[in-house]
Amino acid sequence: MRDYTKQYINGEWVESNSNETIEVINPATEEVIGKVAKGNKADVDKAVEAADNVYLEFRHTSVKERQALLDKIVKEYENRKDDIVQAITDELGAPLSLSERVHYQMGLNHFVAARDALDNYEFEERRGDDLVVKEAIGVSGLITPWNFPTNQTSLKLAAAFAAGSPVVLKPSEETPFAAVILAEIFDKVGVPKGVFNLVNGDGAGVGNPLSEHPKVRMMSFTGSGPTGSKIMEKAAKDFKKVSLELGGKSPYIVLDDVDIKEAAKATTGKVVNNTGQVCTAGTRVLVPNKIKDAFLAELKEQFSQVRVGNPREDGTQVGPIISKKQFDQVQNYINKGIEEGAELFYGGPGKPEGLEKGYFARPTIFINVDNQMTIAQEEIFGPVMSVITYNDLDEAIQIANDTKYGLAGYVIGKDKETLHKVARSIEAGTVEINEAGRKPDLPFGGYKQSGLGREWGDYGIEEFLEVKSIAGYFK
């Protein structure tokens, strides 16, 4: 049982102002595996004050000093690899192999990318007799989601540290353990007091007062659209800068010259990875009518090989949904798809056979889906694929862009000219060609209702900077 009932404020583990705690549930067993403090406004005020007190000092550290700090974090993060992997498997239910290969590694990659970005990043630019300076924005509030406990947290922290901005972090109360380990890492390597502050709690007790605090200069949030909208509303009262990475309903366009087995394998992975709890999941698979039958046959074969089960057993590829609430939401969407006339091709409602305990869902494929159906328009956040057919490329692009979201898109095929045309035509912040993967130094963010701003690498650092013009500096 993990007992993390203290907050990390101003370089020390301190008692929370609140006597309340939040239980953390292992979604694979439905058992309580620990608890964290349920912080309140007083905790937030204390953390913001600590960050504000160190703001000017940290802002004026040199690039080399901040780079050295990030390098120390990278080394200690690597030392805590097993702790991080075990924590994520416990709190998220991710298979051990996924916790190591994806969750742990992505967190590490962001600290490395921010450190390396400082090699060439220009914080000052001369323009004739004038100077343009980029400097730390100040106290930044970070609110991170449960689906990627290290990735989403590390990318924000790494960028803020590289920029010279102190932070107050509120991680998800459903997966808080990884953030506590990060706090331990920062404490050990000597992150200056006040530069990093961790306040555990829920949205009402911590998220709201953090978003509204007058000394917080910017809010960086990853999560749902409705919550992002509320944060924007609260931040608008004193015109805070806001960076939002929100939901998605990403299209995966399969071209007619594709290797069908390769395409079926790729699209399967984009839906079942992390149990479908991925904002960039390619859950709308667009397939040419001319290869539909062959593709579906191979797709069913690929889905049949996916092993759902105990995340601590070798060979498990897909773990549970994060919570009972989220499990029920996924079931509701599956039932909605059936009600609206989509054809259930694989999987369906309920749990996989033999997995009565835990929030396990059946990987599911719907075919004959109309893009206006609920399952094609709303983010399900579970292992549910909608297959939509198209007759020509123009129709595929039209369907792909017929969504309120624009976080990611995918295309797979052989003809380079066609691949490039599709990639340029998809209205999304990130497009992958032939499973190229996203490198941590590329900008990440969304069009339309998928968010504001960009994260990762030097683009992520810029979210934590203000720009100042000094006229006549060189006269």
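Indices start at 1 and increase along the chain as displayed.
The backbone N, Cα and C atoms fix where each Cβ goes, glycine too.
Per Swiss-Prot, the features are as follows:
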type	residues	note
ACT_SITE	Glu245	active site, proton acceptor
ACT_SITE	Cys279	active site, nucleophile
BINDING	Trp146, Asn147, Gly223, Ser224, Leu246, Glu379	NAD(+) binding site
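Sequence features annotated in Swiss-Prot and their locations in the structure.
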| residue | record | Cβ neighbours (10 Å) |
| --- | --- | --- |
| Trp146 | NAD(+) binding site | 20 |
| Asn147 | NAD(+) binding site | 24 |
| Gly223 | NAD(+) binding site | 22 |
| Ser224 | NAD(+) binding site | 15 |
| Glu245 | active site, proton acceptor | 28 |
| Leu246 | NAD(+) binding site | 24 |
| Cys279 | active site, nucleophile | 25 |
| Glu379 | NAD(+) binding site | 23 |
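Reported as a whole number, the C-alpha separation between Gly223 (NAD(+) binding site) and Glu245 (active site, proton acceptor) equals 7 Å. In sequence order, Pro145, Thr222, Thr227, Gly247, Cys279, Phe381 are the residues of the same chain, not among Trp146, Asn147, Gly223, Ser224, Leu246, Glu379, whose CB sits within 8 A of the CB centroid for the NAD(+) site.
In this structure, the C-alpha atom of Asn147 (NAD(+) binding site) lies 13 angstrom from that of Glu245 (active site, proton acceptor).
Classification of Glu245 (active site, proton acceptor) by DSSP places it within a strand. Cα to Cα, Cys279 (active site, nucleophile) and Ser224 (NAD(+) binding site) are separated by 9 Å. Put simply, of the binding-site residues Trp146, Ser224, Glu379, the one whose Cα is nearest the Cα of the residue listed as 'active site, proton acceptor' is Ser224.
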